[in-house]
Amino acid sequence: MEKMRGKRIRPRDSGELVEDGRSESERKTRKKENDVVSKGRIGRGRGRGEVSKRSIEIDISNPEKDIKPDGSRKCLGSTCHHCKILTSESDLIFCSKCNKKCYCFDCIKRSYSERTHEEVRAACPFCMMTCICRACLRLPLVIKPPSEKDTDVKLKQLQYLLVKVLPVLKDIYTEQNRELEIESTIRGHPVTEANIKRCKLDPSERIYCDLCRTSIANFHRSCPNKNCSVDICLSCCKELSEGFHQERDGKKNAEGKGYECRIPAGQGKDSDAYVPLHFSTWKLNSDSSIPCPPKECGGCGTSTLELRRLWKRDWVEKLITNAEKCTLNFRPTDVDIVHECSSCSTNSDSIRRQAAFRKNAHDNFLYSPNAVDLAEDDIAHFQFHWMKAEPVIVRNVLEKTSGLSWEPMVMWRACREMDPKRKGTEEETTKVKALDCLDWCEVEINLHQFFEGYLEGRMHKNGWPEMLKLKDWPPSDLFEKRLPRHNAEFIAALPFFDYTDPKSGILNLATRFPEGSLKPDLGPKTYIAYGFHEELNRGDSVTKLHCDISDAVNVLTHTAKVEIPPVKYQNIKVHQKKYAEAMLQKQQYSGQVKEASELENKSMKEVDESKKDLKDKAANEEQSNNSSRPSGSGEAEKVIISKEDNPTQPAVSTSVESIQEQKLDAPKETDGNTNERSKAVHGGAVWDIFRREDVPKLIQFLKRHEHEFRHFNNEPLESVIHPIHDQTMFLSDSQKKQLKEEFDIEPWTFEQHLGEAVFIPAGCPHQVRNRQSCIKVALDFVAPESVEECLRLTQEFRRLPKDHSSSEDKLELKKIALYAASSAIREVKGLMQSSRRSDT
């Protein structure tokens, strides 16, 4: 999706092509590109091997030797479908299914090594839809539509959706009625929606609040001046009328109490420069109307903002009335979400996985079915856990697909073939941007080097593992266009299709935007990154702690285990020990920044004396505050870490010895019944997902210890706006243990294996660490069970500073709820009418 600039957005023409700058002669004489596939002896994930170009020499100097005794001409050979090279028939395997395609031994060995010659002869890769030759990668892949649902089942699902969406519709209606009352006071007479001027937008346009960047769904206040186009959402209007903005600004938004509102200055709406808006100069008029912001803040400063609507009058009220009528006789299934799932406890060995060790808890085990065994009625089982906002892990989802290769270079070649801006350059010169997890800085690297490191590993000059994450490749809004076959393969792998189908999922609210309207970018999106089997505690390949505004499903499609030679491994251990010692020294002074800065100007003797005093002081405070810590006081405590201090307290375990014991030993197999989850092996990535109800305590812990986290250039965090939404913190194993000791909360922790789909509920903070090089593909969706949580998160995100990476309302939840209700009501009415006709 095009980056938003200003307040109203029009998408680029989807068919627009950009000239690549080459002349016609250059296009005709472009050198044929090599058919390259990455080395596959290490990678896992549907396709391995490398393709090499072969040529076959055919002697045509003596044409008579090609004539058979009976006078017929010998067949010189056939063309391999994959490499398109003329090959002797003795080196080819012909498909007995289609009787058309054939593959040479070399291509089978290098590109389809997971299949035997007999399997290829029975059904070739082309027939199996797994061929990765250039021609096949360009072919459009038709996705088989899901079977038509039973009318009664579909009706109940739509009614279920309406029941879940109704509370959001009522919130929108209440908010609009409140603004109508204010407008009545301003005008001095009763005002209805018929009296409110309608602002019509093109279906491909969006309108955003100029204060909080929230998408405007219907009612808003707008400047009537033709030369000014300031728009403000109802939430900001409410806060302005209550004096909220005059009291709150600056860093107070880090605590969720307000935000420093910013609007464009200088060049007007299209300016990238934002200045703080001081509300002391922007006050309500005496009649409670809101004046347009002053010129220095992007407005005209002369007009009064007028109430506007985007839709037909009384549309929201009619939606509520119709939704209530459609669900009048609907009775949702009674679900006991307080106790443990009876289905999981009955089939404990096959469909659940232990992910936490909380005492007296019913949610330590996660629902983890096998995709191959899923039946249609399992959707109710999924709903039970989704209502409780519990993650779900579905195993073996790739078994439902055709088996198309997810090798990184196969994906790259497919992406290149579909690129309209393709210039014909060789892959060795193709540059991409990646993030170095050591300092979180952007680096430029060519694709071959990146993917070689993906398979074989990369090291910094000092021997420390280099962990890179490919940044936005292919672009998230182009995944379906650039990788159509991989997109179809991913969609086919998704379980619980009613929720996850991005086009027509009946319980995916995000699918119900009107045709031609500008839809939010919900993926699919690829995440390609290196990994290391142990936690390094420095420069790990991680996705830092964050919270998604919508539900999401993440599928691990490919892994590659990098083998580290013993000599290099020992070198890593040496560097780990040195780093742990250095960190230990720094942490001994990090309890109070003020005291530490004063110590910097003292002599070494004074430093040593002060160091001892600080240790004693911290030890006394720790002993006296042990009982009060779980209460979650907002004051930061002095935490001094040392191997000699308080050895019986396991909350702090960052000494050199403990780090060596926990992180440097080779991982061992675990049966999952002991609290050694970080030592489990063979998984591609380790997930930590926190419960929604634990978020307040988690935030308190992060604020208390924010000085212990590092981000850019591996330096301590300079400022924290929001400890979760900033996405700058990652909890190590020792910090998770400390969190458990101080606040008695722990995440669900589990490993994601190849072919597993992880479902993450909206509002659950989570973090991920790669244990191997991984390719993951993720998709966002909006489930009926999560719609109220999504709305709450929207309100939380809008309080962030305007230049914050999470402040933009990318989901447009209110629009989604309105469109979903409108669409579902139409379908329910149609089904009910059809049912009446059939009865008569």
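Note that Cβ sites are derived from N, Cα and C of the backbone, with glycine treated the same way.
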Per Swiss-Prot, H546, D548 bind Fe cation; matching candidate in H362, H381, H753, H766: H766
Most crowded position, judged by CB atoms within 10 A, among H546, H766 as binding-site residues: H766
Site of maximum Cβ density within 10 Å, from binding-site residues C95, C104, C107, C127: C107
Integer Å distance between the CA atoms belonging to C95 (Zn(2+) 2 binding site) and C80 (Zn(2+) 1 binding site): 11
Local Cβ density at D548 (Fe cation binding site) - other Cβ atoms counted within 10 Å: 19
Pairwise Cα distance for H766 (Fe cation binding site)/C127 (Zn(2+) 2 binding site) [Å, integer]: 41
Counts by DSSP class (helix H/G/I, strand E/B, coil) across the zinc finger (80-127): 16 helix, 8 strand, 24 coil
Assigned conformation of H766 (Fe cation binding site) - DSSP reduced to three states: strand
C104 (Zn(2+) 1 binding site) to C124 (Zn(2+) 2 binding site) - Cα separation in whole Å: 11
